[in-house]
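> Structure incoming, see below.
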């Protein structure tokens, strides 16, 4: 990053932010799709049943915790690779 001029740093930052937003939207989309498919079964009403609401809450919590754990493992592996240096 230090080798980039100010304009290049700004462009790089914008690319990183766009990538982060895309990743967040993919995570959100996957969460909605998975939890809806697993939890919503009754289409006779325009509102969720208490069972469906509870299922969605548990499903989304589990999904987000799993995603957080995966992210932590990637960070740990990246730190380990950085310590080892180039091969």
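Even glycines carry a Cβ here, placed using N, Cα and C.
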> Under Swiss-Prot, which of the candidate ranges 35-59, 60-84 is annotated motif 'Twin CX3C motif'?
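Motif 'Twin CX3C motif', as annotated by Swiss-Prot, spans 35-59.
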> I want to check the contact list for residue 55 (disulfide bond): same chain, sequence separation of six or more, C-beta distance under 8 angstroms. What comes out?
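Correct list: 35, 38, 39.
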> So what's the average pLDDT for the motif 'Twin CX3C motif' (35-59)?
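Average per-residue pLDDT within the motif 'Twin CX3C motif' (35-59): 95.
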> Which residues, sitting 6 or more apart from residue 59 (disulfide bond) on the same chain, put a CB under 8 Å from its CB?
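Spatial neighbours, sequence-distant, of residue 59 (disulfide bond): 34, 35, 38, 39.
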